[in-house]
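What TrEMBL says about this protein:
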| type | residues | note |
| --- | --- | --- |
| DOMAIN | 19-195 | domain 'Sulfotransferase' |
| BINDING | Arg33, Ser41, Tyr157, Lys175, Gly176, Arg177, Pro178, His179 | 3'-phosphoadenylyl sulfate binding site |
| DISULFID | Cys158-Cys169 | disulfide bond |
Amino acid sequence: MTETSCYVRARVESKRRLKAFLDDDLKIIVIIRDPVTRAVSDYVHKLSVIFHGRLPPNESFPITHRGDVLRESIKDTIINVSTGRLRDGQQLVRFGQYITDLRGLMEVYSRDQLLILDGEAFVEDPLPSLQRVETFLGVPKFYKRDHFRVNPQTGFYCAHVPERPFYHCADPKHKGRPHPTLDDDSEEKLRDYYRPFNLQLAKELDLDFPWLFQ
């Protein structure tokens with residue numbers, strides 16, 4: 001078992017080559033969230049990686065990092081303030097086109113080998129999603145309601161599993177970090193951009209996540 005988003009984004013040819021080394025009954029679990037939320041989170045994550053969790057000095061901007069040009073605010077990063085247009089060439093914007101990557105995955109694997117989970121629902125309550133994972137993998141039922149508690153520091157659920165004491169809460173430096181508020185105009189531009197991709201995703205993979213229809 002492995003965990004990476006890079007495989008989902010890899011080219012179809014790369015997926016086919018890798019498949020030759022994997023079991024035929026491979027099962028893939030993909031968790032996706034509202035791409036607007038994902039873009040803001042990606043911005044925060046990249047800054048945290050660059051500045052090791054510290055607040056960046058203003059004179060540091062702009063910063064080029066892995067295909068993105070990061071600016072002092074999330075708005076300036078995703079919107080060209082001179083033209084008012086969305087900077088759709090930024091990776092943190094483009095990576096929210098989930099249907100593009102999932103189509104490539106479907107060219108190599110059958111639909112019943114894929115479980116696609118709603119990241120927003122997982123954050124709100126992880127238990128139903130993990131129970132779906134158990135069913136999908138065909139493993140014995142394990143997770144129960146009392147296995148999860150909310151971390152008061154972050155507001156995120158933590159695993160509390162007496163049978164597996166190595167489970168612990170995610171580090172607040174990495175999960176639950178403060179996120180900037182996206183202004184209404186920038187959010188609307190992102191929603192307009194993602195809407196056709198989200199609707200295609202809902203139709204082609206028969207998904208009904210609420211944010212797909214915003």
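Note: Cβ is positioned from N, Cα and C throughout, glycine not excepted.
Caution: TrEMBL annotation is automatic and unverified by curators.
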In the structure shown, with every protein chain counted, which of the binding-site residues Arg33, His179 has the densest set of Cβ atoms within 10 angstroms of its Cβ?
-> Arg33
For Ser41 (3'-phosphoadenylyl sulfate binding site), the three-state class that DSSP assigns = helix
PLDDT averaged over every residue in the domain 'Sulfotransferase' (19-195) | 87
Return one of helix, strand or coil for Cys169 (disulfide bond), based on DSSP.
-> coil
So for Cys158 (disulfide bond), how many other CB atoms are inside 10 Å of its CB?
-> 18
Assigned element (helix, strand, coil) containing Arg33 (3'-phosphoadenylyl sulfate binding site), judged by DSSP | coil
In whole Å, note down how far the CA of Cys169 (disulfide bond) lies from the CA of Pro178 (3'-phosphoadenylyl sulfate binding site).
-> 17
10 Å Cβ neighbour count around Tyr157 (3'-phosphoadenylyl sulfate binding site)?
-> 19
Over all shown protein chains, what is the count of other CB atoms within 10 A of the CB belonging to Pro178 (3'-phosphoadenylyl sulfate binding site)?
-> 6
His179 (3'-phosphoadenylyl sulfate binding site) sits from Cys169 (disulfide bond) (Cα to Cα, rounded, in Å) at a distance of 19
His179 (3'-phosphoadenylyl sulfate binding site): secondary structure state under DSSP, collapsed to three categories = coil
Cys158 (disulfide bond) sits from His179 (3'-phosphoadenylyl sulfate binding site) (Cα to Cα, rounded, in Å) at a distance of 20
Tell me the Cβ contacts of Ser41 (3'-phosphoadenylyl sulfate binding site) under 8 Å, same chain only and six or more apart in sequence, or just say none.
-> His179
Cys169 (disulfide bond): tally of other CB atoms within 10 A of its CB | 18
